[in-house]
Amino acid sequence: MFETHKVEIEWAGRPLKLETGKIARQADGAVLATYGETVVLATVVSAKAPKPGQDFFPLTVNYQEKTYAAGKIPGGYFKREGRPSENETLVSRLIDRPIRPLFPEGYKNDTQVIITVMQHDLENNPDVVAMVAASAALTLSGVPFMGPVGGARVGYINGEYVLNPHLDEMDESTLDLVVAGTQDAVLMVESEAKELSEEIMLGAVVFGQKGFQPVIDAVIRLAEVAAKEPREFEPDDHSALENAMLSIAEEDLRKAYKITEKAQRYAAVDAVKAKVKEHFLPEGVENPAHTAEEIASVFKHLQAKIVRWNILDTKSRIDGRDLVTVRPIVAEVGLLPRTHGSALFTRGETQAIVVATLGTGEDEQYVDSLTGMYKENFMLHYNFPPYSVGETGRMGSPGRREIGHGKLAWRAIHPMLPTAEQFPYTLRVVSEITESNGSSSMATVCGTSLALMDAGVPLAKPVAGIAMGLIKEDDRFAVLSDILGDEDHLGDMDFKVAGTEAGVTSLQMDIKIAGITEEIMKVALDQAKHGRVHILGEMAKAISESRGQLGEFAPRIEVMNIPVDKIREVIGSGGKVIREIVEKTGAKINIDDDGTVKIASASGKEIEAARKWIHSIVAEPEVGQVYEGTVVKTADFGAFVNFFGARDGLVHISQLASERVAKTTDVVKEGDKVWVKLMGFDERGKVRLSMKVVDQATGKEIAAEKKDGGEAAE
């Protein structure tokens, strides 16, 4: 019934198995990839023809993690998987980026890649396995795809590169880098690092590319026996149309791209576009030689050519800059004085308002992943409203791009944050992009660094980021520092580098062509370092290190530790005690399972009141000490006094006064304030208190009378 094919290799010390022919046979391509005991299913379906009027390539990559893969049931009311998690969105983008450039230009058939994590061994991260499975499924599908693609994770542990480290090994690694590419080219890099040098980062990229070559060989072997017949696809030949358009529009386009101001340049380009459209699509002609979609596509291609030629020929950019100059920078802090920390970062026509907010443990984000529930105390949210580019558009929940840009900035800042022990706050940073003309994610990195320092968060060092581009034609190439939005899509490699003066904390690369050598990447990274250091210098004019104290409106947090066996007493039955402390003191209280207590409030008095209250609950009273207490109950045999936090003790009727007492209520009543001395504990651990040995007026202990009956000594 099944015609199955399988290839198995040893990869980084673990077996990798690729299978096809048994599962999802109605898809164009389907591969079940097993690495260790992590199992991922990837499927590909591509429409047989494009939709009428389709003018772009509608590729969708959906990565999904099923909770059954880790033997879990989803949380929440409905008990089934819902909208994609942040991690699922990020992995979908991670897979999309290296495969998208490998579809031929002009292919516009609706294509969907669905990758499902079926089983997770809690050792091997499924994202790289998913990338390999998707590449294999595409290669087998018959869809025009110039793959296969390989992918690998690289760690850096004790000065050595490690291929596909286990999940627990990543805790020791100073690098988390994922690289993807073909046999002869790197296509994508995504990474977080702890201030590593450009040389180490580049070495990791090269190490990773060599590391995934066996995977590409395995996919090719599987394709040789299991691939479907390639679909016939001939891209349209628009060379004649392009040459004709070039003769009409080249001069005007070159003039337009010498205009340095964005709005004026766009207006000039639109005028050229209208002229071209009028020439090739004259009014009144029923059957023109070319469609509007063809005209628009070729014009866009022509724009890119002219900009690239101009940069390579003149070493001059669209806005008049040379290749290495960074746009003018203005950095400000304290923009919103009632927030905990704020900054305005402007670089040319790209601008971000970034606001930092400090919270307590109860503000931490709970993340339910396949590896288990964990808490995240640093959140960075990036917002890109349509007004930032002078357009109207959808407003609502963040899209994939916003989530991806926010995570890129998160990776850049995260290595420089203090530990929870050093700074016990939850941090949320929001970046509002108010203007955009290229590199808004790197503006977010710079603005976040400024806002956190303004908030008094003790960053190890300031962090800055820069977006770079590269254009290559034959043996000529040009590396562009701080690219514009118009330059973003024209290059053969665009990459973003963030870090401190000492090293890189985040690197993201997307390479669209083969032939980008290690030497070219080294030149590009060195140029990026110079740009990053320049930006750090401009940022230092606003603030160069974290403020010594928190902002006026930020909460203060005091940390204290209590014995684990006392946690129950502080919380109380059904949370009664801790609710009372919070209500009466006004402070926020968070208690961890290890006995760490975080008390937060904008008022020092509220923190101190809560701290004393908790201390009174968990501390043990000392025998021989005098305490002030309150009578909470009277009985024939004595009075019960609350004298130490929530602790009560009995004052026996014989200990109420020095003279004989006939009735307890003759001496005390409920609610009376009294002074008591802790005499000790009985054999059952019950507290023994005495009032008669304490002067009830002063609270001082009365010295024992002399044996001869004389007056008490002073």
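In case you wondered, yes, glycine gets a Cβ from its N, Cα and C as well.
Sequence annotations record features per position, and here Swiss-Prot assigns Mg(2+) binding site to Asp488, Asp494 based on sequence analysis. Sequence-distant contacts (6 or more apart, same chain, Cβ under 8 Å) of Asp488 (Mg(2+) binding site) comprise Gly438, Ala467, Gly469, Asp494.
Here the domain 'KH' (555-614) has, by DSSP, the following mix of helix, strand and coil residues: 32 helix, 16 strand, 12 coil. The domain 'KH' annotation in Swiss-Prot covers 555-614 and is backed by sequence analysis.
The domain 'S1 motif' annotation in Swiss-Prot covers 624-692.
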Secondary structure of Asp494 (Mg(2+) binding site) (DSSP, helix/strand/coil)
strand
Over the span of the domain 'S1 motif' (624-692), count residues by DSSP class, listing helix, strand and coil in order.
6 helix, 36 strand, 27 coil
Integer mean pLDDT for the domain 'KH' (555-614):
91
Counting across all protein chains present, how many other Cβ atoms fall within 10 Å of the Cβ of Asp494 (Mg(2+) binding site)?
22
